[in-house]
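Chemist: Pasting the feature list from TrEMBL:
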SIGNAL    1-22  signal peptide
DOMAIN    26-308  domain 'FAE'
ACT_SITE  Cys169  active site
ACT_SITE  His248  active site
DOMAIN    334-417  domain 'Beta-ketoacyl-[acyl-carrier-protein] synthase III C-terminal'
ACT_SITE  His338  active site
ACT_SITE  His342  active site
ACT_SITE  His371  active site
ACT_SITE  Asn375  active site
Amino acid sequence: MDLLWTISTTLLLCSLLSILWKEFDRRRNRSCYLLDFVCYKPSDDRKLSSELCSDIIVRNKRLSVPDYKFLLKVVVNSGISEETYGPRSIIEGREECPTHDDCVDEVDDCMYRTLDELFLRTGISPIDVDVLVVNVSMFAPSPSLTSRIVNRYRMREDVKNFSLVGMGCSASPIAIDLVNNIFETRKRTLAVVVTSESIAPNWYCGTDKSMMLGNCLFRSGGCSFMLTNDPSLKHRAKMNLKCLVRAHIGANDDAYGCAIQKEDDEGRVGFHLSKSLPKAAVRAFAENLQRLAPKVLPMGELALYVLRGFRHRLWRSKEAKTDAATAARVNFKSGVDHFCLHTGGAAVIDAVGRALGLTNYDMEPARMTLHRWGNTSASSLWYVLGYMEAKKRLRRKDRVLMLSFGAGFKCNSCLWEVLRDLNDGGAWDDCIRAYPPQTLDNPFIEKFGWVKEA
């Protein structure tokens with residue numbers, strides 16, 4: 001009898017230990033670690049100086065004086081410097097007739113240069129990559145961009161590859177979400193994500209003001225980064241993904257059409273940005289933050305928010321409503337140390353900063369990224385993160401919130417925890433000491449200011 005009891009007890013303990021080990025192993029492999037990232041820095045001959053920008057504008061003979069005035073106002077208020085980059089087809093005066101090779105060369109240069117450095121920095125061979133994701137929204141050749149990478153680096157036949165197109169400026173969190181979902185079912189997996197945009201075939205040469213805006217903001221850029229759920233590589237990782245939230249309000253017609261690629265009245269293709277975009281952005285932003293708050297804020301801040309909301313409903317006087325509305329703003333800084341904001345434009349950065357109650361220090365990385373690199377679409381978040389690292393702001397256990405907007409209309413966010421002190425200069429290495437500059441004034445007005453008097 002004692003022997004039977006001993007055997008039963010032993011089997012039960014073994015079963016419990018097996019269950020506990022499986023749960024521990026499952027949770028351990030659910031992690032998503034950022035091993036490293038490399039931001040693309042084009043060659044200096046691709047810089048868009050004020051002189052060159054004015055030449056490009058003047059080349060468009062369809063523009064009238066009112067059009068020149070409009071462009072002057074946009075460029076001067078854009079927050080962009082003379083250090084941003086464009087594709088060679090535009091610099092060489094072929095913006096109206098880019099070839100397929102122009103588009104391929106632009107993307108290839110970004111992908112291969114960042115991937116070469118990424119594999120070198122991590123010491124991981126391309127043949128060890130299990131998952132490959134490429135997101136370039138507005139250029140989708142055949143064979144796909146992922147196939148070009150697989151071919152160049154001679155990756156394995158069983159590598160899982162995904163090409164994301166049409167995702168807009170918010171594609172990076174979408175790619176991370178895709179990889180993280182794969183990590184749920186595969187242990188010890190290595191994933192590489194390449195995020196960029198193709199400017200060459202999407203430069204607008206017409207006169208529709210809603211499409212001319214993109215020429216003033218979007219610039220060449222890109223990033224490659226490596227993710228893994230292998231716990232043995234945690235000590236080499238920079239950050240660990242804590243949560244990711246996606247909001248898509250494309251079911252609303254106004255939100256769907258506020259940022260869309262289409263033809264103008266003369267049949268020229270461009271990227272249309274409508275007046276309803278700010279409204280759509282606010283709605284998507286609110287939807288995202290509503291679901292993000294419980295995941296990132298401490299219990300005390302959440303309880304305080306609920307209490308303020310209850311007081312707001314309880315007291316109905318106009319004065320009480322105003323006070324409650326002011327007090328009900330969630331303090332995201334209680335759960336987040338650094339804010340990595342999408343560089344959609346100076347107005348976008350300022351609006352998000354006001355909504356989150358951020359200081360100039362909090363918004364500095366996004367503003368400086370816009371100034372130095374422009375809006376590089378989905379890769380802009382990584383240039384902002386690179387600024388924080390180059391400035392040695394990121395310390396162990398810090399929490400970094402990435403927040404981006406994109407056509408669709410989408411607002412995506414993800415929260416990272418820094419695993420070790422970071423201080424790599426990356427693409428910022430040669431200029432970080434000059435930032436922040438004393439002034440962000442754009443010298444474009446000195447070259448093109450005559451338009452004001454015309």
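Every residue, even glycine, has its Cβ placed from backbone N, Cα and C.
TrEMBL labels come from automatic prediction, so no person has curated them.
Keep in mind it's a predicted model, so treat the numbers as computed, not measured.
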Chemist: Can you tell me how far the Cα of Cys169 (active site) sits from the Cα of His342 (active site), in Å?
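Modeler: Cα of Cys169 (active site) to Cα of His342 (active site) measures 8 Å after rounding.
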Chemist: What active-site residues among His248, His371, Asn375 are found with a C-alpha within 10 angstroms of that of His342 (active site)?
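Modeler: So the list reads Asn375.
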Chemist: For the active-site residues listed here (His248, His338, His342, His371), which one has the lowest count of neighbouring CB atoms within 10 Å of its own CB?
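Modeler: Per-residue Cβ counts within 10 Å for the active-site residues His248, His338, His342, His371 bottom out at His248.
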Chemist: Looking only at the domain 'FAE' (26-308), what is the mean pLDDT?
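Modeler: The average pLDDT of the model in the domain 'FAE' (26-308) works out to 91.
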Chemist: Quick one: DSSP breakdown of the domain 'Beta-ketoacyl-[acyl-carrier-protein] synthase III C-terminal' (334-417) into helix, strand and coil?
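Modeler: The breakdown for the domain 'Beta-ketoacyl-[acyl-carrier-protein] synthase III C-terminal' (334-417) reads 40 helix, 21 strand, 23 coil.
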Chemist: Give me the non-local Cβ neighbours of Asn375 (active site): same chain, 6+ apart in sequence, Cβ-Cβ under 8 Å, ordered along the sequence.
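Modeler: Residues satisfying the criterion: Cys169, Leu217, Phe218, Arg219, Thr343, Gly344, Gly345.
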Chemist: If I take the alpha carbons of His248 (active site) and His371 (active site), what is the distance between them in whole Å?
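Modeler: Taking the Cα atoms only, His248 (active site) lies 29 Å from His371 (active site).
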Chemist: Other than its own, how many Cβ atoms are within 10 Å of the Cβ belonging to Cys169 (active site)?
Modeler: 27
